[in-house]
Amino acid sequence: MARPGPGVLGAPRLAPRLLLWLLLLLLQWPESAGAQAGPRAPCAAACTCAGDSLDCSGRGLATLPRDLPSWTRSLNLSYNRLSEIDSAAFEDLTNLQEVYLNSNELTAIPSLGAASIGVVSLFLQHNKILSVDGSQLKSYLSLEVLDLSSNNITEIRSSCFPNGLRIRELNLASNRISILESGAFDGLSRSLLTLRLSKNRITQLPVKAFKLPRLTQLDLNRNRIRLIEGLTFQGLDSLEVLRLQRNNISRLTDGAFWGLSKMHVLHLEYNSLVEVNSGSLYGLTALHQLHLSNNSISRIQRDGWSFCQKLHELILSFNNLTRLDEESLAELSSLSILRLSHNAISHIAEGAFKGLKSLRVLDLDHNEISGTIEDTSGAFTGLDNLSKLTLFGNKIKSVAKRAFSGLESLEHLNLGENAIRSVQFDAFAKMKNLKELYISSESFLCDCQLKWLPPWLMGRMLQAFVTATCAHPESLKGQSIFSVLPDSFVCDDFPKPQIITQPETTMAVVGKDIRFTCSAASSSSSPMTFAWKKDNEVLANADMENFAHVRAQDGEVMEYTTILHLRHVTFGHEGRYQCIITNHFGSTYSHKARLTVNVLPSFTKIPHDIAIRTGTTARLECAATGHPNPQIAWQKDGGTDFPAARERRMHVMPDDDVFFITDVKIDDMGVYSCTAQNSAGSVSANATLTVLETPSLAVPLEDRVVTVGETVAFQCKATGSPTPRITWLKGGRPLSLTERHHFTPGNQLLVVQNVMIDDAGRYTCEMSNPLGTERAHSQLSILPTPGCRKDGTTVGIFTIAVVCSIVLTSLVWVCIIYQTRKKSEEYSVTNTDETIVPPDVPSYLSSQGTLSDRQETVVRTEGGHQANGHIESNGVCLRDPSLFPEVDIHSTTCRQPKLCVGYTREPWKVTEKADRTAAPHTTAHSGSAVCSDCSTDTAYHPQPVPRDSGQPGTASSQELRQHDREYSPHHPYSGTADGSHTLSGGSLYPSNHDRILPSLKNKAASADGNGDSSWTLAKLHEADCIDLKPSPTLASGSPELMEDAISTEAQHLLVSNGHLPKACDSSPESVPLKGQITGKRRGPLLLAPRS
């Protein structure tokens, strides 16, 4: 069973109390109902009521009505003649929230008494209020909207809006405000969201004038602001919309909008801006809309939009833009609407819209675009999502095949109000999504090239948007292209110009004159105009020559030629040039010819000669200017082989002017060439790098031990830079030079011949250059000659020499007399005109008794072994026969004074010919000779010319001389065969030949009166050695002559020191001159020089 609710169970208990309360209420109700729930007060006179709104506007009221109902929430007193407000009239309006007092004659902000506290919106526009008094606003504690526009307020001070106000929207537009004090709105910083200051007289905004962190909209349009300084709007952290249109702003300094990181919309239209740069837009990272129309913008700097990468809509209409360069719109990847209408754009660079991947609407109406559509391809590359393109009202006369390349997503294309005359085949074919194509032209050239267009338009259902009428040929003029039969589109002529001569790319040097030539042909008589473009911009004041002539082959075709002259070209003339030839039927564009202006390189830094020490760093500078910028290259000694490069000690920076070589070495020394080269030419400059090094010895000197009479050499191979000067010292003093001391060039080799005991000592090689001096030493030790004569007194030597000479002379003359008598018995002398040479007389004896050339070969052996020998008491140096084979190539003479007849102590030389034969040199007596004893390392090998075995016993002297010439070849050798012989050491003894010769000549002349078989001494002074043997020629003469010659020769052959000359043959017996001389003879032979 359910329990009863509490109300039911408790009803009996509450009934008395409830009844008592109801009784009291009924007793008091009549009084309170009369006071509060009486009848509603009527509307004020001359006002209308609508709900809780009381409308008293437009009544011409000069004073407030007295019967304003208390229930009024919205009171409209606008459009009256109120000049003052009686606050008492608002005493009972406790519900009042909106008060409209606009369009009256109030001169100050009125006070509404107690009702001011609840007023939320106060409209005071179009009055005559002169100022804003902060004290008058203190009572409006609930005020959120205050409209003071269209009054006569001239200034806003910091005291105008005291703290504590809750104004959210403040309108001060259309006043006369010219002074805007910094911090004037600080009292509203906590509440103000919208501030309108448009249509005032503000000329300058103070920096940080607005410290309103909650403000979202700021309207400053139609003022007189000329410049926006940086940080002007700092403090407006929440600003979203800024209106600055219709001012006189000509420049935005860098950071002008810094701090507006949340701003979405910026209005700058109708100002005087001339350019767009990134610095002025710095900080607008959240900007979505930028309105820049109706300015004077003529250029957009590179990266001008780099801080507006979230921009969705950009309005640049009604400006002075003439071209869109490749990077004019870079980094606007989020842009969806771009309006560029009503500019003067005539050139759109290829790739100008590259990167605008989000762009959907592109407005290019009312520009001067022609070539972009007629000639350029790829201008719209990158607009993959573009859906609408408007080119209404441009100067397009033809549409190229690839004009709209890259617009595959295009849906709306407007080409209206263009005098289009031709459209190339498939110009719109790639626009698969095209839904609207607007064309309106009455100038179409209806030839065979337009035949494709009508069926294509009808196939895509686009003919409704196209108004196209033929203008040529005359038969189709005025007809719509859709009504012309396909067979009527023919090409009987070519009224549109056709290029036949293209301008050519060229290169020029600064200051030269250049010209470009371009020719076209046309069958039309329509006037032709010529223009030249440079980098796709028309040259306004081009220096042109234009010609026209009738083509020879057909008189109906005209050829037109235009020549562009560029005089005294500079760098500013560089670019791509193109000619445009136009008539009524269209324009023809030539290829683009590039002009490159070059300047020969010239040095700004020239390398200089330097001299540095080894181990340091060499620094060579070289820099040059030119156009294009020259490339710098280095060479060493005309090549690219750098020792420093191989060793990684060379450093050349690509962008630096300095060439470094570290840890410099001698190998780095040379001439370094800096070459600056560009397409105009090249120039070079040389610098010599001299490496300085202290002297040093490359090969150390060694101590030497030699024997008396030998030759010793000291080699001092010095290195250093500059080349060291070498000086030889002995015992610390300058070396005393004699004829035995010889030097090679540079004194690096010192040779001492025939050394003597006095030559022993310490030899010093002193090497010096400007960097220092170095010394090297060598000790020379001299050993006495074994087996040769000992040191003795001069008197003893002289005595022994005299005795030996007398003995030898006697023995020699005994042999001579014996041989002479023996020969005289064997041969008889006939008194004929011919001289008969005995059969056993060798051919080197002439018919006139003179000694003819003996065919001898002298072989010098380098480095041969030294033969042992000793000197007998008679002064003859005997050799060991065991050391002399048949061909003696290693014979060595003893170091005995040499006697060469016909020579004085003057030195004599040998000149070696190119074929290794020796040429005789003259001595003091102008005769050639060979020393009687052989020098070291030299062997003499006689090679007598064999006598023809078939030769008859008698022969004429002419035949003998002919026979001698035939068997006298010059054999290669390293000595002399013509009587010249190189001394191995020592000087020559003095000769008495000058005294012997005249005596012998006289004797011979007196004895040979008839000239027959006489001993001619004309060549006596050229004999190498005096062979002390009987002469065959003397033997054949008279005994008196022979005896005189013997006595005279024996007397004069003594030298001044008392010694007789050494016999040429060291053997005890003489060998007769007959037959053929064999090679077994080991003694020296008589060497007779050639006559």
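Cβ atoms are placed via backbone N, Cα and C, with glycine included.
Looking up the ranges 993-1025, 1026-1058, 1059-1091 in Swiss-Prot, the one annotated as region 'Disordered' turns out to be 1059-1091.
According to Swiss-Prot, the cysteine that forms a disulfide bond with Cys518, out of Cys470, Cys491, Cys579, is Cys579.
Disulfide connectivity taken from Swiss-Prot links Cys47 to one of Cys56, Cys160, namely Cys56. The disulfide entry in Swiss-Prot for Cys470 points, among Cys308, Cys446, Cys622, to Cys446. Note on the domain 'Ig-like C2-type 3' (695-781): mean pLDDT across this stretch is 89. On a Cα basis, Cys56 (disulfide bond) lies 6 Å away from Asn76 (N-linked glycosylation site).
A distance of 106 Å separates the Cα atom of Cys765 (disulfide bond) from that of Cys446 (disulfide bond).
Here the disulfide-bonded residues are Cys448, Cys470, Cys518; the one with the fewest Cβ atoms within 10 Å of its Cβ is Cys448. Note on proximity: of the recorded positions Asn248, Asn385, Cys622, Cys716, the one nearest Cys491 (disulfide bond) is Asn385, by Cα distance. Candidate recorded positions: Asn294, Cys470, Cys579. Nearest to Cys47 (disulfide bond) by Cα distance: Asn294. Considering only the recorded positions Asn152, Asn385, Cys470, Cys518, Cys716, Asn686 (N-linked glycosylation site) has Cys716 as its nearest partner by CA-CA distance. For Cys716 (disulfide bond), the nearest neighbour among the listed recorded positions (Asn294, Asn385, Cys448), judged by C-alpha distance, is Asn385.
Per DSSP, the secondary structure of the repeat 'LRR 4' (142-163) breaks down as 0 helix, 5 strand, 17 coil. The shortest Cα-Cα distance between Asn294 (N-linked glycosylation site) and any of the recorded positions Cys56, Asn320, Cys446, Cys518, Cys622 is the one to Asn320.
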